[in-house]
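Chemist: Shown below is the structure under consideration.
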Amino acid sequence: MCPLRSLFLMATLVFLNHLDHLSLARSLPTTTAGPGMFQCLSHSQNLLRAVSDTLQKARQTLEFYSCTSEEIDHEDITKDKTSTVEACLPLELATNESCLASRETSLITHGSCLASGKTSFMTTLCLSSIYEDLKMYHMEFQAMNAKLLMDPKRQIFLDQNMLVAIAELMQALNVSGETVPQKPSLEEPDFYKTKVKLCILLHAFRIRAVTIDRMMSYLSSS
């Protein structure tokens, strides 16, 4: 049977992947970072602040582009590609066959989060899945920013603080990770659609950033 604390964590992660209420996530208990995970926890907190600030600015700047959580069509670009919620199950849940992650993830081996040398396989799997999530979002945001820079109106660009925060957490997770390639665009940019897409991605990424931060906090306390 799955322990109560682990079930609570699982319910929290699933909840955060479907709802866009940061205040609810903040009401969850915050844990103290252990030495091995402190750097990644710090980076995840920086990322959460950066994406929240970027989303707030986008909602203000793009107020006529249906940029609120209630107006957008929610989309998860990691769907069917990564499985972070399942990969980040606590060990006592992961040993239950019904709780195992169902997708394959390339394992990271050289991240500073793994510096202790005692990191379990399940923790490595969780951090690897988080790294893959960040890589996908980083590539999407870079491609989107390239289009926004071509907009004659120069209305909005992505906050470099957010892109740096993503890159720093990726570096901490996998110091030998490959450089994230630019995603080429073969079509003429539609700036209206690009700005709507920006809102969709920022909402989705904030939810993921909350999930990552909660997970780092949990791992730090384990």
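Glycine is no exception: its Cβ is also placed from the backbone N, Cα and C atoms.
According to Swiss-Prot, the record shows the following:
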type     : residues     : note
DISULFID : Cys40-Cys113 : disulfide bond
DISULFID : Cys67-Cys199 : disulfide bond
DISULFID : Cys88-Cys126 : disulfide bond
CARBOHYD : Asn96        : N-linked glycosylation site
CARBOHYD : Asn174       : N-linked glycosylation site
SIGNAL   : 1-25         : signal peptide
Chemist: Taking just the CA atoms, what is the gap between Cys113 (disulfide bond) and Cys67 (disulfide bond) in Å?
Modeler: 35
Chemist: If you count Cβ atoms within 10 Å of the Cβ of Cys88 (disulfide bond), leaving out that atom itself, what do you get?
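Modeler: Cys88 (disulfide bond) is surrounded by 27 other Cβ atoms within 10 Å.
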Chemist: What kind of secondary structure is Cys67 (disulfide bond) part of, going by DSSP in three states?
Modeler: coil
Chemist: Using DSSP and collapsing to three states, where does Cys88 (disulfide bond) fall: helix, strand or coil?
Modeler: coil
Chemist: Taking each of Cys40, Cys88, Cys126, Asn174 in turn, which of these recorded positions have a Cα lying within 10 angstroms of the Cα of Cys67 (disulfide bond)?
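Modeler: Qualifying among Cys40, Cys88, Cys126, Asn174: none.
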Chemist: Would you mind reading off the Cα separation of Cys126 (disulfide bond) from Asn174 (N-linked glycosylation site), to the nearest angstrom?
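Modeler: Cα of Cys126 (disulfide bond) to Cα of Asn174 (N-linked glycosylation site) measures 13 Å after rounding.
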Chemist: Out of Cys40, Cys88, Cys199, the disulfide-bonded residues in the record, which is closest to Asn174 (N-linked glycosylation site) when you go by Cα distance?
Modeler: Cys40
